[in-house]
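Straight from TrEMBL, the features:
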type	residues	note
DOMAIN	5-49	domain 'Calcium-transporting P-type ATPase N-terminal autoinhibitory'
DOMAIN	116-184	domain 'Cation-transporting P-type ATPase N-terminal'
TRANSMEM	172-190	transmembrane segment
TRANSMEM	202-220	transmembrane segment
DOMAIN	235-333	domain 'P-type ATPase A'
TRANSMEM	354-375	transmembrane segment
TRANSMEM	395-425	transmembrane segment
TRANSMEM	818-840	transmembrane segment
DOMAIN	820-948	domain 'Cation-transporting P-type ATPase C-terminal'
TRANSMEM	855-873	transmembrane segment
TRANSMEM	894-919	transmembrane segment
TRANSMEM	925-945	transmembrane segment
Amino acid sequence: MESYLNQNFDVKAKHSSEEALEKWRNLCGVVKNPKRRFRFTANLSKRYEAAAMRRTNQEKLRIAVLVSKAAFQFISGVAPSDYTVPEEVKAAGFDICADELGSIVESHDVKKLKFHGGVDGLAGKLKASPTEGLSTDAAHLSQRQDLFGINKFAESELKSFWVFVWEALQDMTLMILGVCAFVSLIVGIATEGWPKGSHDGLGIVASILLVVFVTATSDYRQSLQFRDLDKEKKKITVQVTRSGFRQKLSIYDLLPGDIVHLAIGDQVPADGLFLSGFSVVIDESSLTGESEPVMVNAQNPFLLSGTKVQDGSCKMLITTVGMRTQWGKLMATLTEGGDDETPLQVKLNGVATIIGKIGLFFAVVTFAVLVQGMFMRKLSTGTHWIWSGDEALELLEYFAIAVTIVVVAVPEGLPLAVTLSLAFAMKKMMNDKALVRHLAACETMGSATTICSDKTGTLTTNHMTVVKSCICMNVQDVANKGSSLQSEIPESALKLLIQSIFNNTGGEVVVNKHGKTEILGTPTETAILELGLSLGGKFQEERKSYKVIKVEPFNSTKKRMGVVIELPEGGSLRAHTKGASEIVLAACDKVVNSSGEVVPLDEESIKYLNVTINEFANEALRTLCLAYMDLENGFSPDEAIPASGFTCVGIVGIKDPVRPGVKESVELCRRAGITVRMVTGDNINTAKAIARECGILTDDGIAIEGPVFREKSQEELLELIPKIQVMARSSPMDKHTLVKQLRTTFDEVVAVTGDGTNDAPALHEADIGLAMGIAGTEVAKESADVIILDDNFSTIVTVAKWGRSVYINIQKFVQFQLTVNVVALIVNFSSACLTVIWFLQAKGKSMFGLDGPDSTLMLNTLIFNCFVFCQVFNEISSREMEEIDVFKGILDNYVFVVVIGATVFFQIIIIEFLGTFASTTPLTIVQWIFSIIIGFLGMPIAAGLKMIPV
């Protein structure tokens, strides 16, 4: 069976081929209720629709771009347009309608854009200020929403409980049993009268209703759980300016006219136009399939919803939202396509199919044997042409027995049990600050053998402060000196330092609506800006004093960022750079000395600064170097900022404490057989200090730098990789290479954390991609399988625990379910086909008091009772897969106790009080004890099997 399942029901946890997904579906022949069985599997036809829509978008956008380029060449003036503002739009105080706005951006229509006065003209017609944004007045926003729509995509409506009831009723076997019940009622009442003749038929109806309502309730609750999880996945916020203040806003609250601030890794939340910014590169592959990034600037200002910022930063004007965008239409189709099924779901579908075919074979054989026996009996009496109502009922009963064998033999619940278990785990993980984006990740995390973790924000708190500095070749303890540090720095150097801090930054210092100063940006930028403020700098004044010519945002490959500004005196240009200390220092050939003078960077100064960097790093401080250079007048914004010739202003050491509980979590991973590796872009000494503090770096482990790692040959890597515990100064490709080698060469199941745009390849390559919910970009989250909402390493360990728990729970269910199915199949087949069994021998009858006309009924009742108690004790045995003591903590699981108690209670009611209705007869106390003993015998057998080494 295993080889058959591996050949036909084998899919990958991530990026499985469409052929593999199609193959296993086609092999699932014996399915009682396809709507239910395949509810949580991907709808491949909808995916094909989405792919076709992408191809259409690609062609439309390609044509639109070509047309817009041609328009730039030929439009010298704009002919009057026949556009007329609709009356309702005029009445609302606007000068342009939603359809016109949509056509401008979607079609890249330069002519229309120019007619409406360009981007500023459109902002005016939308009654929006490019600097102040929209007013926060509720009535104004409501009116705008009514006219232009909301930024939400079409979602499938939540199914009511009765829809699930209807789907449950579409089970083929239940429909057959329904027909049997109807015929039984008609024939029974006709031959035996009311109410005696209705018992069998009503019993079948009651069973059908019970199954239907239990199934519908379970499915409805699952649906609600997935709905809640889906809402959590879609919680995305962006920086928006409203009433002059920057604030975070859900993308679903955006309206045309909003001013949105975008940075590297952000997803464009709606269609719109570029207002201002630098070096903006957009990845449109999610919408068009084109891998070539697109430059967006004043000449090409069109920004499309769903695309991603690959580089740069900008402000955009929102023009079109929701289902009016191409992304909205595409998302509606993709949502219907669903998530990939997990490997375990597919394997269990295969098991269910195989057992279903076996059950169907036994059902056909059973029916054939019973009908043959009946026909032979009638043939022997010569009544084979004469049929009575009782005989018709008997034939119907044989058919019902055959259907029952199919019902009990096909373990339809196996694949659904995986989904139920995963849904439960996903809900619990949400409470533990982990949002699972893909079901398969839950399953795969239980098998993880390696976790490649970032340092900053995952192992550390991400609450950064500058505690030490080396400015003008003097080391200062910033944490203790505070504002007095300002007086120790020469005035000329202080001016340079503040100029560098406030102009070469991706952060911003703003006054919020409560009148308080607030710093926006990454924790690193926040720490540097706090230092600038403590030195007496004023952010807004500094930014207004200089004109920004060029910006090169921080890049994890270059490990530095830069800016070119125009100085007010004489209009000369100056470049500032900031980044990894040793990299920026290597680009310097001069330094500002203790007197504030610029002097050549000699060997002694280099040695002093490198020693300082290592001292800071050994104290687990992140080190950054700030430098500048004056540029020649011929510098063009199209050129890259020079890579050398800078003057070192200073080095800062930033404290980022280790999170509480990380050391214990790392040790827990080690005991569970999971190796934790740190992969960081920081200095190797900083990385080693933090790794030792966390318990990651051991005496026999290796810490290596990314540039050294990437120079190693394949043979060297085979020996080196198992020992690597820390990788410092790593690039995104180093991380990707490490992950790929661990997976393919060493057969490890790898979980990887990431927060930046450049981490996407490693997250995509890993078995489980873990994105940071706070520090992570939208690109990283999109590539991840699980989002760690609190950016905490301990949460990753919790995810691994839940992953293993899911596996164990599914194992328990499979053990229980298959035992029930196989035993029920054998009991039904044996009792139906074999007319002489040992229970019916005289000795057996006398022993258990089965003599008399009701002996067959009593025997069937006894078999039924033994079967139920076997399953009760089987449930208890299935609580632990390896432990002998299955009663440990049983009272803590009140649901389990209630289910067991209810099962026994209803069993007593059915046998002792519902004899006529359920075709049972009351048992004696001896027979009850016998049933319980037979059921209990399974427990010592199960315990004995657990003791056999595997």
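Glycine is treated like the rest: Cβ placed from N, Cα and C.
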Q.
Against the transmembrane segment (894-919), which of these stretches has the most C-beta pairs under 8 Å: 202-220, 395-425, 855-873, 925-945?
A. 855-873
**Q.** Cβ contacts under 8 Å made by the transmembrane segment (925-945) with residues that lie 6+ beyond its boundaries
**A.** 848-849, 862, 865-866, 868-874, 876-877, 884, 886
Q. Mind checking how the domain 'P-type ATPase A' (235-333) divides into helix, strand and coil residues in DSSP?
A. 18 helix, 48 strand, 33 coil
Q.
Using DSSP, what is the helix/strand/coil residue split across the domain 'Cation-transporting P-type ATPase N-terminal' (116-184)?
A. 41 helix, 3 strand, 25 coil
